[in-house]
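Student: Let me begin by handing over the structure; questions about it come next.
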Amino acid sequence: MEQYQEDFVEFILDSGALKFGNFTLKSGRISPYFFNVGVFNTGQYLSQLGKFYAIAIENSGLDFDVLFGPSYKGIPLVTATAVAFNNNFNKDVSYSFNRKEVKTYGEGGGIVGHSLEGNILIIDDVITAGTAIHEAVDIIKANGATVKGVIVAVDRQEKGKSGQSAIQEVEQNFGISVFSIINLSNVVDYLKQGNNHALIDRIEVQR
């Protein structure tokens, strides 16, 4: 685990973004943990979050032209990450996001920010059912651009009915790369540093 990944695990635990208990996910599965990106509701939190995304993207070596954040949760993620690229890597990165309701007045259209052209990197929080990514891919292709990949904050590493994880299904269905700041194994490795054996056992059962 890289240092920035360990720092990110600490960040989501200290902020309360990663919670443990019994949660029903969008997919209908019951999970012993839940990642809530809505906790990052201050400028300081968003600044830190954007920096972690930017570091992970830089480390991936992925070449892209525009960052795209699916509305609504992807909007603060993509803007924070674009700012983080400028502040931490001196890179002026283009970004855009979609409107849920297409605007029929003013400049109109369904895309806000940079036009979708070239290679697009999608930013989201997690992939549970893959619905939001499917919609984002459709939007990007409809605008004549190419989906280069997807980055999420946390790879849950949970297998669905197909025997594959949601991320593996997205990679297979769309032929794109999906990577994350951290995955569940990173969280487990971090928890092993403390006396969290019962919690680790519950998490491992879901994998």
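Here the Cβ of each residue, glycine as well, is placed from N, Cα and C on the backbone.
These came from Swiss-Prot, pasted as-is:
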| type | residues | note |
| --- | --- | --- |
| BINDING | Lys26, 72-73, 99-100, Lys103, 124-132 | 5-phospho-alpha-D-ribose 1-diphosphate binding site |
| BINDING | Phe34, Phe35, Thr128, Arg156 | orotate binding site |
Student: Between Asp124 (5-phospho-alpha-D-ribose 1-diphosphate binding site) and Phe35 (orotate binding site), what C-alpha distance do you get in Å?
Tutor: 12
Student: Using the recorded orotate site (Phe34, Phe35, Thr128, Arg156) as reference, state which further residues of the same chain have their Cβ within 8 Å of the centre of those residues' Cβ atoms, listed in sequence order.
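Tutor: Other same-chain residues with Cβ inside the cutoff are Phe23, Leu25, Ser31, Tyr33, Val126, Val154.
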Student: Please report the Cα separation of Phe34 (orotate binding site) and Thr128 (5-phospho-alpha-D-ribose 1-diphosphate binding site) in Å, rounded to an integer.
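Tutor: Rounded to a whole number, the Cα-Cα distance is 11 Å.
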Student: What's the CA to CA span in angstrom from Lys100 (5-phospho-alpha-D-ribose 1-diphosphate binding site) over to Phe35 (orotate binding site)?
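Tutor: Cα-Cα distance, Lys100 (5-phospho-alpha-D-ribose 1-diphosphate binding site) to Phe35 (orotate binding site): 23 Å.
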Student: Show me the subset of Val126, Thr128, Ala132 whose Cα is within 10 Å of Phe35 (orotate binding site); these are the binding-site residues I mean.
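Tutor: If one measures from the Cα of Phe35 (orotate binding site), the binding-site residues that come within 10 Å are Val126.
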Student: Would you identify which of the binding-site residues Lys73, Lys100, Arg156 has the most other C-beta atoms lying within 10 angstroms of its C-beta?
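Tutor: For the binding-site residues Lys73, Lys100, Arg156, the Cβ with the most other Cβ atoms within 10 Å is Arg156.
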Student: I'd like to know which of these binding-site residues, Phe34, Phe35, is least surrounded, judged by other CB atoms within 10 A.
Tutor: Phe34
